[in-house]
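Undergrad: Please find one structure pasted underneath; my questions will follow.
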Amino acid sequence: MMKCLFLLCLCLLPILVFSSTFTSQNPINLPSESPVPKPVLDTNGKELNPNSSYRIISIGRGALGGDVYLGKSPNSDAPCPDGVFRYNSDVGPSGTPVRFIPLSTNIFEDQLLNIQFNIPTVKLCVSYRNWKVGNLNAHLWTMLLETGGTIGQADSSYFKIVKSSKFGYNLLYCPITRHFLCPFCRDDNFCAKVGVDIQNGKRRLALVSENPLDVLFQEV
């Protein structure tokens, strides 16, 4: 019996030595998995649907709240409403419904998409439903959000939805061409935060360096 145990130990010894040597000196490097995309959720905890409409609701209360809506830009000669605004209070009117149009089939966090006001309109104003970022406003020294964008093919019309560091979500503007003029696009992904600036007494969505707008999405 003792002889059998001795022989068994001799047989196992090379395996144990090889295993220890391989583990300590030559670890197995398994390929790292790509992070699973996280779906963006609405106020009911449902995943956003590209075929549904949503109101963009500011999380703040009182003067810090207010839905996002389509309105006429001050001093604009556009034939249709062409500005992206936020109402001055959370007890104000309901916002204008929007539709999120992803480059893929689903709406995930931190992925490129277009935003479109989803409302009936005349043929002349069809393109004035699509969000974009305008040129640098010399008076306000910022870039204002406006409409007149192009779905799926314009640097000025690409956005992302990311988790807020506080609560809810933030909107980012992310042109895919690095040479595109965007002095506010300073993070590693060449994106800029969307916040609020005051234009002629109205709260206008604009690119900001700090204090991004925290929002939720309510299905219409």
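Note that Cβ sites are derived from N, Cα and C of the backbone, with glycine treated the same way.
According to Swiss-Prot, the protein carries these features:
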- 1-23: signal peptide (SIGNAL)
- 26-31: motif 'Vacuolar targeting signal' (MOTIF)
- Asn51: N-linked glycosylation site (CARBOHYD)
- Cys80-Cys125: disulfide bond (DISULFID)
- Cys174-Cys185: disulfide bond (DISULFID)
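Locate each feature and note its surroundings.
TA: Per-residue pLDDT, averaged across the motif 'Vacuolar targeting signal' (26-31), gives 54.
Asn51 (N-linked glycosylation site) carries neither a helix nor a strand DSSP state and counts as coil. Close to Asn51 (N-linked glycosylation site) in the fold, though at least 6 residues off in sequence, lie Arg99, each with a CB less than 8 Å from its CB.
The DSSP secondary structure for Cys125 (disulfide bond) is helix. The Cβ of Cys125 (disulfide bond) lies under 8 Å from the Cβ of Pro79, Cys80, Pro81, each of which sits 6+ residues away along the same chain.
In the three-state DSSP scheme, Cys185 (disulfide bond) is classed as coil.
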Undergrad: For Cys80 (disulfide bond), just count the other CB atoms lying within 10 A of its CB, please.
TA: 17
Undergrad: In sequence order, which residues at least six apart in the same chain have a CB under 8 Å from the CB of Cys174 (disulfide bond)?
TA: Leu112, Tyr158, Phe159, Lys160, Cys185, Asn189, Phe190, Cys191, Ala192
